[in-house]
Amino acid sequence: MNLSYILLIPFVPLAVFLVLGIFNQKIKPAVSGYVGVAGLAISTLLSYYTAFQYFFVHGKADGVYQTFVDKFIWMHFTESLHIDMGYLIDPISVMMMVVVSTVSLMVNIYSRGYMKGDDGYTRFFAYLSLFTFSMFGLVLATNLFQIYIFWELVGVSSFLLIGYYYTKTSAIAAAKKAFIVTRFADFGFLIGIFIMGYYTGTFDFQELTNPEGVVILNWASTSFMGLSVITWALILIFMGGAGKSAMFPLHIWLPDAMEGPTPVSALIHAATMVVAGVYLVARLFPMFYLVEGGFALQIVAYVGAFSSLFAAIIAITQTDIKRVLAFSTMSQLGYMMMALGVSGFEGHEGVGYMASMFHLFTHAMFKALLFLGAGSVIHAVHSNYLKDMGGLRKYMPVTNITFLIAALAIAGVPPLAGFWSKDEILVAAYENSQFIYYIGVFVAGLTAFYMFRIYFGIFWGKDTKYEHTPHESPSSMTLPLLILAFLTLIAGFVPFSELVTADKTGFEAHLNLPLAAIAVGVGLIGIILAWIFYKKENDLATRFASAFGVFYKWTSHKFYFDEIYFFMARKVFFKSVAAPIAFFDKKFVDGTMEGIGNKTVLVSRKIKAIQSGKVQDYAFGFVAGVVIIAFVFIYIWTN
Amino acid sequence: MDLNNFFLMRHELTLLVIILILLIAEIFISEAKKSRVVSLALLLFGIHTVSGFFPLAESNLFGGMFRSNELIHFFKNVLNLGVLILLLQSADWVKEKMTSNDRGTEFFILLFASLFGMYFMISAGDFLMFYIGLELSTLPIAALAAFEVMKRSSSEAGIKLILSAALASGVSLFGISMLYATAGSIYFDEIILNITADNLTLLGFLLFFAGLAFKISLVPFHFWTADVYEGAPISIASYLSVISKGAAVFILMILLFSILKPLMEVWEKLIYVLALATMFTGNLFALRQQNMKRFLAFSSIAQAGFILLGLITGTQLGTATVVYFVTIYIFSNLAAFGVVQAISLQTGRENMKDYEGLYRTNPNLSLVMMLALFSLAGIPPVAGFFGKFFLFTAAASEGYYLLVFLAVVNVTISLYYYLLVIRAMFIRKGEDPIPFFRNKVYMRIGLLITVIGILALGLYSPLYDYIFQLSGILK
């Protein structure tokens, strides 16, 4: 299988970024939009071609999907420990390339309409391309260090895009918050990488995840505080993943990240970057599963399940539609983590792994669609808040229909994409842990409810009097909506269990009818409740809210997590740790440094006279130097 | 010796042909069309540089006086690349000299003659060839330092250089004669068999070493550097700080790691002390310089101190890191000198104060300068960081922790004065900033190549692996 063209997939967006970045001022905005879209189109075509070639033509040998790697050594540390650069082709990386390129292309097309007339139009497309490049690099990484480098690059592009409206203070604050929180998580990731590298002597994914390899067989060789060091490393690496994928308690940045332009939220904070954490766990899955009886994987499962529930509850009470979608994303990411957490490894036992990847794939399509739809609505009414919306179905038919399709998909209504992947997740959970299964079912009901709450709130409900009559978005924006809606309709029929599995051999997945019926039933109950509450304007919702009283207040304030963090940072951490350190730093460290600095300048002033400008003095210096060194040489050093 | 063997000297031969062609061109090209010589010289040297990359066999000539192997070959190519960039950067300046006072072709002829000397110096298989190369590489440069004869400072620089160089080469020759006296031969291959660490040999080595230390401007043999750089034309200062220094480092390394290896016990101590003295002196003097050329002179002295950290190891790793560092240093320093040259050519201004507010008027030049200084200071992810990082790794792997620590202290000091320039360009407003100007095409290409080098050399790791593998030859 000739794969050298794979490099084009990340490098075309990089080239686009460089061109747009360097000629920022000289390119007409209209042209830069086309350049961005054209670059992405090339990457998308190549990704699809690769996927086709890999899954259906060349990828399989003896019923097992092969891993293709091409890499070179980038930096030597020791004989075995080195950082490589290269690409790795296996089912999940190919699948991710398809997801990233599809969503990115849609977002690029959509942004041509959405960002029209904006001052930083070219800059926006440059950043989008930078992000896409980094994301491809992350997906194709062959080792922990390479993934870390691109992981940070992705973080930087996310920072740039959240803070895109850099004149808005809230946008800057959100960008900083996202960066700092994920950086904090990445700190754990980095330590995890170091521990892994130190104890296993390799960063390479293939060596690390080989079930029969030395790394996995020798996991018990060193332990620390009752656990194997490898388990510790995995937990720390998962911390990095949890930060990027907004898992509790590192989720606080995601809602604020909605300050960025809506296409960015669709691309980065719904479909691609936030699933990087899930992807990372999937990448190292054999380690998570096999080391220490899957202890680290248990943590993944519970963190995922809890985040999923926690976020779904908060999503019910939010009034900013983008924030509802943000919490919904967090909840669905929790679902994916949970699915990985309950998965086994071989054959049908690996259904959780398969389901997680499947859900990642379908979720990317319908969540991007939801965000782009929300963007279309926001574009029309110039507000993010539900109270400013209502009855829009008359004005925006395309947006209405596509949004409905996506909402039905996320609610798990057959035969849309979300139904299939969610069903597999619930099957996996049911086989592994009843407790997690019930959480999953409950979350499914909540998801249907909050999603239809905003759907009815936006497109039905009260007839708001608009200052300007809203109108349907331009075709550059509705076209991606239609394409994504189409993908949402068909994505569920991709035979994932044949293609993307933990042990890379396909298995037969059947629909578990009772479980599917329960899930669909719960989803429908959620939709019907939302229908009763929000279809027509009535005070049911408010009455319920006041009946729940304190609990409602807590939820709408996101359980005061921002405030807790703020308190911890400001009052506790700053006062008790940062302030003394700052004092020490100012008085002692700075004092010493300034002292040294002053002395250095003083010395440099004094010795300036040596450089007299007379060539005789120089000759004297030369000869004196030789003589002194000669004496030292012969009489002192050699005895 | 057949003709094939003779082509081992391909570098030397083509350069000689170029010199002859230029001599003839000087005679036959009419006054009005004189400036075409510049393009001709650039073209010829460009061809020479490219052709240099074709592989050469490994062998000896003239009974071992002239040696050629892949590593030496690589050294010459690196020097060629440096000279090519330098020519691009100074082309406009030479053209101007040609029209205003009818001088110019000798610039190329002298420069190439000096490079010719360096080739022989690096390829030397005995001390005679080495000495001839050393002299041939220095003398034309003294003439070039005084190129602007009408300028007092330029003539002064020429005089200072020739006097200091004469002293240095005299001392060096004296040392060589002592080595001959103890080892009984001037051929490297024979010296290596007979050399022992007795007092006369040590004295001979030291005197010989002083001559090369002069070229690399190690403290205390550095006094000439700042004055000559300041007075000489910028191209020549740039040549001295980059090409001349690079060539001297290469040959010093070859000698230290081969024939002088038996004296390692002694020279590692010497280099230890000189490294510290050079780094500290260079950095402390650089702190207070106002003239950009003097500033770069001291900065290049400090950089030479860092290079010694790789030389002290005597290992393959050490060789590789030194070669890698010097390659990167050539690009970084040429970028810095190129910007100074461009500004001086357009406005005649050379002080740090003149650079205030440069970013507002000439953003591109400021960015080039910033990259160059970042690379010299060793800030990631530009190439200079990797160069220093590997050098320090090499020294640390041989256990020189204190030296590495002090080198890091020096990096910190150097960061301060490099940032002074960046502050002047980017933060200070400046009362009288340099107005916007566009560079001519040669200068632009010259700067562009350096920028690509600064950005790419650090990240393109196969280069390092290649150098590492070449470095095995020296052992």
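Backbone N, Cα and C define each Cβ position, glycine as well.
Annotation source TrEMBL lists domain 'NADH:quinone oxidoreductase/Mrp antiporter transmembrane' at B:124-413. As annotated by TrEMBL, transmembrane segment applies to B:13-30, B:37-57, B:77-94, B:106-122, B:128-149, B:161-188, B:200-224, B:236-258, B:270-288, B:295-317, B:323-345, B:441-460 (among others).
Sequence-distant contacts of the transmembrane segment (B:323-345) (same chain, at least 6 residues past either end, Cβ-Cβ under 8 Å): 71, 74-75, 78, 81-82, 85-86, 89-90, 92-93, 96, 234-235, 237-238, 241-243, 246, 249-250, 253, 292-293, 296, 300, 303, 306-307, 310, 354-355, 365, 368-369, 371-373, 375-376, 383-384, 386-388, 390-391, 434, 439, 443, 446-447, 449-451, 453-454, 457-458, 463-464, 467, 470-471.
Same-chain residues lying 6 or more positions outside the transmembrane segment (B:295-317) and placing a CB less than 8 Å from one of its CB atoms are 216-219, 222, 225-226, 228-230, 237, 241-242, 245, 249, 252-253, 256-257, 261, 264, 268, 271-272, 274-283, 285-286, 289, 325-326, 329, 333, 336-337, 340, 352, 376, 388, 391-395, 397-398, 400, 403-404, 407, 410, 414, 417-418, 421, 468, 471-472, 474-475. Contact count against the transmembrane segment (B:106-122) (Cβ pairs under 8 Å) is highest for B:236-258, out of B:37-57, B:161-188, B:236-258. Beyond the ends of the transmembrane segment (B:161-188), by six or more residues, the same chain brings 64-65, 124-128, 131, 134-135, 138-139, 141-142, 145, 194-196, 198, 200-201, 203-212, 214-215, 221, 223-224, 228, 232, 255, 258-259 to within a C-beta distance below 8 angstroms of the stretch.
Here the transmembrane segment (B:77-94) sits apart from the transmembrane segment (B:200-224); fewer than 3 CB pairs are under 8 Å, leaving out pairs fewer than 6 apart in sequence. Same-chain residues lying 6 or more positions outside the transmembrane segment (B:270-288) and placing a CB less than 8 Å from one of its CB atoms are 206, 209, 213, 217-220, 222, 226, 295, 298-306, 308-309, 311-312, 400, 403, 406-407, 410, 413-414, 416-417.
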